[in-house]
Amino acid sequence: MTITLIRHGETIDNLNRICQGQTHGILTATGISQAHNVARRLLHNHYECCYTSDLERAHHTARIICSQLGIPLFPDARLRERGLGRLQGQPLPVGENGFGEWEGSERLEALRLRVADFVAEVSRRHHEQVLVVSHGVTLRMMVNLCTGEENYPPPMGNCSLSQLRLVSGDTFELIEYNTI
């Protein structure tokens with residue numbers, strides 16, 4: 001089984017360096033173009049389906065991709081971005097990577113548990129290729145969880161592509177990361 005991970009396209013808040021967290025966000029013209037470009041890149045793959053965050057910036061990206069690939073799309077709240085508490089809607093602090101703790105933020109363990117629950121379910125239900133469109137911190141947590149790495153991987157670009165391949169049991173190997 002292979003899970004292909006796509007971060008959502010560029011948003012207005014990305015351009016303005018605003019923490020989005022669990023706000024919906026609006027894709028820019030560039031973000032829409034990025035989604036079309038990644039869909040063209042994936043045309044020769046055969047995905048069973050696509051799962052996406054139910055937040056609009058990821059869902060819009062996924063709708064564009066799935067319409068070109070002709071695959072079913074399933075929104076899933078477990079793929080939402082980490083709730084950032086008081087940082088949501090505020091300028092991104094210098095050096096912030098999304099894994100800190102702030103007043104009202106979703107605990108990292110809660111994020112880890114919902115991502116683990118999602119991966120376990122997808123691994124049980126699918127045996128070939130699955131596409132996941134989500135958010136930077138959530139996808140980085142998924143990579144960290146699936147590979148067992150101690151440190152979180154570097155930030156992902158908008159509409160970047162990463163791939164995890166199931167090796168055995170619940171162990172995955174990272175075969176591609178953050179390619180545009």
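The backbone N, Cα and C atoms fix where each Cβ goes, glycine too.
Note that the structure is predicted; figures quoted are calculated from it, not measured.
The active site, tele-phosphohistidine intermediate annotation in TrEMBL covers HIS8. Residues within less than 8 Å, Cβ to Cβ, of HIS8 (active site, tele-phosphohistidine intermediate) and separated from it by at least 6 positions along the same chain comprise GLY25, LEU27, GLY31, SER53, ARG57, ALA58, HIS60, THR61, VAL133, SER134, HIS135, ASN158, CYS159.
Annotated active site, proton donor/acceptor per TrEMBL: GLU81, in sequence order. Cβ environment of GLU81 (active site, proton donor/acceptor): GLN20, GLY21, GLN22, SER53, LEU55, SER134, HIS135, GLY136, VAL137, THR138 lie under 8 Å away, each six or more residues apart in the same chain.
Among the features that TrEMBL reports, substrate binding site is placed at ARG7, HIS8, GLY9, GLU10, THR11, ILE12, ASP13, ASN14, ARG57. DSSP classifies ARG57 (substrate binding site) as helix under the three-state reduction.
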Subject >> Additional residues around substrate, ordered along the sequence, whose Cβ is within 8 Å of the centroid of ARG7, HIS8, GLY9, GLU10, THR11, ILE12, ASP13, ASN14, ARG57 >> reply: GLN20, GLY25, ILE26, LEU27, THR28, GLY31, ASN158
